Every structure is written in C-alpha cells, then in structure tokens.
Amino acid sequence: MVKIGLRTFFMILSIGLHLASAVSILEYLFNLDVNENEDSNFKDLVIKYGKECEEYQVVTEDGYILTLFRIPGDVNRPVLLVHGCFGSGDSFILRGKKSLAYALAEAGYDVWVCNYRGTKYSRKHVTVDPDRDDKFWDYSFEEIGYYDMPAFIDFILEKTGQAKLQTIGYSQGGTVFYVMGSIKPEYNEKIKVLISLAPIAHFYHIKNPVTRLFENESRLSNIINAMGKEEIFGPRSGERAMIDAICWSPLTGYKICSQFLFELVGYDEDECEPKFYYKLKHYVPNSISKKNVQHLLQLRRGFNRFDYGPERNLEVYNATSPSKYDLDKVKMKIVLYVSKNDRLSTVEDGEELRNEFSNVVEFRIIERDEFNHLDFIWAKNMDKYIFPHILRALEQYNF
C-alpha cells in the first residue's frame, strides 16, 4: 500500500485548496459527478432497508433551519443520534441493516437522527444565504452545542410528550453536549444519558502522525485562510473537486486516500473494505466551517472556547484568553466508549475526560485491539463489537 508522509500531504492539500477558483475546469477534465445517486438521501436509505422515515425542519434561536429525521418507534423511548464533523445523519445508516440507526429501530426505540448546521441537509437560514453570505459559516462546535442541540431536544420532547431523552454522540457529536451542559446547564435535566462514542474534548495524547499534524496548527490555519472563504468542502468547491479526483478514482483512490485516512484514525482495513469505502463517495465529506476546523485544532491546548487572538478575545470575552468550558456544570449521566487503536480519541484522553466529569457512569475500552475512530459508526462488524454495549447502556440508564 502507498505510504504518504505529512509533507507530501501538505503539498497536495495546499495545491488542492488553491483550485477553488478553477472548479469548472476540474469538473470538465475529470468528468466529476457532483450530484448524488438515487440512494444518497437518508430517508430513501431507511425506506430501502424496510423502515418508515419522517422528516422535520427545526429552526434554531439564531435562525438556522435544520433537518431532523425520525424512524418511528416507542415514543416512550426517544433516542437522538448526533454525527461527527465532516459527516451528517447519513453516518448512522450507511451500513444498512448493520447500521446503528437500524439496530436501534429494530430494538423498538424511537430513533431521531439530527443534522446540525452546515451539513447537506441543513444548509438553510431564515435570512442568510450559505452560498453568498460568510455570516452563515461563522460558527464552531460551540454554536452547535448552544443553539442546535437545544432546538433538537425541545422539538423531540414536544413531539413525543416526554420530559427526557437518551442520546448517542459520535466524536464531535459528543463534544457539543459537553458544551451544551456547560453553558446551558438547564438542559442537563433533559438528558437521561449521553453515550459518547470516541469522545473528544482535548487532544493531549493524540498519536503520531496526528501529533505532527496538530503541531503544524499555524501552517494548517494559513492554508485554510489562503482559501479566502469560510466554508470548507462546499458542494462545488476546489477542495471537493480534489477529493473527487484523487480519492474516488477506481484505480488509486482506496490505495492512496484510505491509507492516509488510516494514518489519522488508526489502521483497520478489515472493517473498511474497498466496496464500502467507495460507497462513501456520495456521503462524505460534508461541508464544515473554517471556524469549526480551527476550533478543533485549538483543542490541543485544552477544552477552551474559541481563541480569536488577544485583541478580539478582549472584545468577546473581556479577557485576552478564552475561558475553559466548565465541565463541573455537566450533570447528565455520561457513558464513554474509547478504543486502543483510535489515534484521535485516545484511551489516555478518555481517561482524563472521565476524571474531569463527575458523572461518568461507565467507561469502556472496546475489546477489539484494531478498533479505530471510524469503526464506531462504519465498522463492518460493529454490530458485534459495540452495539451490545450501546443497547445495554440504553436499557440500564432509561430513567
């Protein structure tokens, strides 16, 4: 398999990101199909696998129009699934009948799958155009936790008539609940339990080569800033064209891009076979804001609010440095699942996070040694390695 070093990656990334102004040429040269296939909609996939699916629009306090999917079940047992960055609600159905959303529906849960701001299902706002106004993209995971999660929770509870719900957050999908519980503590009472898969709050113990990637935070930020836009991986962007041309090539895509992906998340080729890898073409990456990416990079320094720089911080926070999120205010029950081969959400960081919370009711290291960051949502055999733990935790903390 081809090996790609970080220096080569930075060169490819820099070139690709500067192609944003030449997207039409790339599409012509590579005959890129930016349209999705007939099975690329979450609702269509759910129906394809034999379940009913409902779709709702939820409007946040700050005007974002978000899509929320539902696979109807027992209204007394609502479960909210929250995807990670670069993903969407599709993440929870791509393995078909071996997907988490399907497994929960089979177990009788009322399954709600959200799509927070910026994803392909939630590129709408009551006044702002995401394709023309940079203001739409002025957010990080803090705004998702502060605005989007409360909006989803309130909608679901009103629709089901329940006072509380259970939730499962993958990667950044757990992070946004830490934020919400910290700065909107009244919402802790609305969560029976948060199951946080591959939890992320800080990157103190990330593994090589990811460590070197974060050590180049300033260089990465310069590359991102050089793009001259606030949205990354937009539907017709140069960086999206680069991904299409390189990563989805039948001849070289899996050999090159899956190898680099494994460098970041941990190697586990057995659980991400070529056939499934190429299926991802129609689902990832989703758009993400520049600010969100930069905020994630800043987590190397700790679980802090966004750092604008000393002068801007004074205006926003009345201090030269951003404050830490107060995890003592996060009172909801939390289950943390980590894996030894995850290079982003490491066991060591998970253990530190467990000690920072006062309410972790379960901390588990997944038994499979090769289990990586993406295996939590896409592994071929996740129904064996992790679903039994999730279903048991949901049953145990359903109060």
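From the backbone N, Cα and C atoms, a Cβ is placed for every residue, glycine too.
Annotation source TrEMBL lists active site, nucleophile at SER171.
According to TrEMBL, the feature active site, charge relay system maps to ASP342 (among others). Taking the Cβ of ASP342 (active site, charge relay system) as reference, residues of its chain lying under 8 Å away and at least six apart in sequence are, in sequence order, ALA198, VAL265, GLY266, PHE371, ASN372, HIS373.
Take the CB of HIS373 (active site, charge relay system) and look out to 10 A: across all protein chains shown you find 28 other CB atoms. Positions annotated as active site, charge relay system by TrEMBL: HIS373 (among others).
The feature domain 'AB hydrolase-1' is assigned by TrEMBL to 78-202.
The signal peptide feature in TrEMBL is assigned to 1-22.
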Using DSSP, how many residues in the domain 'AB hydrolase-1' (78-202) fall into helix, strand and coil?
56 helix, 27 strand, 42 coil
Non-local Cβ contacts of SER171 (active site, nucleophile) (under 8 Å, 6 or more apart, same chain)?
GLY84, CYS85, LEU197, ALA198, PRO199, ILE200, LEU344, SER345, HIS373, PHE376
